[in-house]
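One structure below.
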Amino acid sequence: AKCVDIALSSCTDVAYTQTMYPNFLDQKSREVIEYSSEYILISVLHNLLQGECNPDLRLLGCSVLAPQCEKDKVIKPCRHVCENLRKNCLPAFDAIDMAWPYFLDCDRFFAGEEEGCFDPLSKLRGEVDVEEDLPSDLPATFIQFKHHSYSQMVSILKKTASKCSHIATTYSIGRSFEGKDLFVIEFSTKPGHHELLKPEFKYIGNMHGNEVVGKELLIYLAQYLCSEYLLGNPRIQTLINNTRIHLLPSLNPDGYELAAEEGAGYNGWVMGRQTAQNLDLNRNFPDLTSEAYRRAEIRGARLDHIPIPQSYWWGKVAPETKAVMKWLRSIPFVLSASLHGGELVVTYPYDYSRHPMEEKMFSPTPDEKMFKMLAKAYADAHPVISDRSELRCGGNFVKRGGIINGAEWYSFTGGMADFNYLHTNCFEVTVEVGCEKFPLEEELFTIWHENRDALLNYMEMVHRGIKGIVSDKFGNPIKNARISVRGIQHDVTTAADGDYWRLLPPGTYLISAQAVGYSRVMKRVTLPAKMKRAGRVDFVLRPVEAWPSKLLRRSMEDVYDPYDPLELFDPHAQHGQPEARGGSPPGREKPWWWSYFSSLDLHKPLWLLKQ
């Protein structure tokens, strides 16, 4: 047998060019493979799992069906790659009631590194991209102001985390539709762990793939935080020592690739904006704002921690959107900003108008004063946004101080900022960082210097208001206790360790804490105008023997359902189909995905059916 070119349409993007027949399954030709149930499976997996674990699974399958061939010798794929993928992706198969494919048996068809194997996913990791060789004598503060490809971005983040390994780490919150990791770099004195009373902060860039400035700013910011911390910059050291910071430079790497094909300087308003699924991520989140407006008319109803409606899951949910929602559930974020492009202004919730037919209508949240304070913290520290000239980018917003309520600018539903505020404790604003969405490289240095202090100033705002611990009389933390502020119809809840953070502008407040089974405790708190750190307000709750059923219902109505689809998400369920909600129709012995293999008469994949 000799090496031959790969001619399988579902395997054309593997990291090698030649294979050999028969393959590991003893399939002796391309035609036999193409009509096999194994090949049909890898061809439709992206549909069955709605992008989850793909294209990883498809490439892994290709490495078995069309293994790499060099010098007329077949090379097996690496076992550790298979094992990692099986660990991460098995829940996705369980969710659609499908068994793990036999031909992805990590022991049978894969080899250890000592045997000489290849990584079939290397192309996804950006490890094959050749980087420029930089001089070895560059100063520690050196930042290369350029546009970064996906692989270059990953490399920079990993190198930065390695350089500052005592305060930084990288992790992925999930994958894009085309399989790229959504990489985050984190800065903290204990990377990878939440610390008691230390607030969690995040920046998200490149939500729209063609709006690239936010992505580059966060890559530069990561390098800046690392080098300045090592140099002993007191402002940066104080920030990192007291805050856990998460930077996600690119939420839409698939869209970025499309925009990058047009090149810098092309001020495209559409190309690459959406994901590979043709979804606008900032319209893809659940519409909780409409529900908040409905609740606002009900006395005593809370405008916080609103559950995701079941009908939302009947629509098309991007894996990127799902990844962010699960990220928000896993970390008790306090403050956030999403960096966009196309204007020069800071907007804040709500982004959806109180009256749906009104495209431009001031629609404030209960925390209007705090949101204005947050928006101004960025705008006032930005030399161009704070410039009083109206004959410039963003000049339309000069009389407003460079900030505007989102719905008053233009109304839209399904936005990420409204979702943060109404589903979690997190306050998020949107920063439009410039009128050019994809500027030339020579402009990036100036853009960085215009935004650097604003980025830092906004992060420091996470320390405004109050923070504390809610516990019982024995000192045991109370999770999901509600922290209420009289006059503000929006509560925050305590994290797993009983700690909380409540952003508030200066003033005097009546703050109360309550939890199911405990009596409510109220305190009067005054925050001076010059106070720039969170005041410590702890609560000790005492148990009550009889808990009024009315209060119990109100306290529990918005607690996340333990069977929430976000946690047990079936990415390709029959959303909205009558039989899914009615009785069991006849012929249910085979799962819904069985129809994908209807063209196979004698060789249907019984090995995919769970016993």
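Positions of Cβ are set from backbone N, Cα and C atoms, glycine also.
Listed features, source TrEMBL:
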- Glu432: active site, proton donor/acceptor (ACT_SITE)
- Cys82-Cys106: disulfide bond (DISULFID)
- 1-120: domain 'FZ' (DOMAIN)
- 146-462: domain 'Peptidase M14' (DOMAIN)
Tell me, how many other CB atoms lie within 10 A of the CB of Cys106 (disulfide bond), whichever protein chain they belong to? 19
Using DSSP, what's the helix, strand and coil tally for the domain 'FZ' (1-120)? 53 helix, 14 strand, 53 coil
Rounded inter-Cα distance in Å - Cys82 (disulfide bond), Glu432 (active site, proton donor/acceptor): 41
Glu432 (active site, proton donor/acceptor), number of other Cβ atoms within 10 Å: 26
If you draw a 10 Å sphere around the Cβ of Cys82 (disulfide bond), how many other Cβ atoms fall inside it, taking every protein chain shown into account? 24
In whole Å, note down how far the CA of Cys106 (disulfide bond) lies from the CA of the residue listed as 'active site, proton donor/acceptor'. 47
Could you give the mean pLDDT over the domain 'Peptidase M14' (146-462), rounded to a whole number? 94
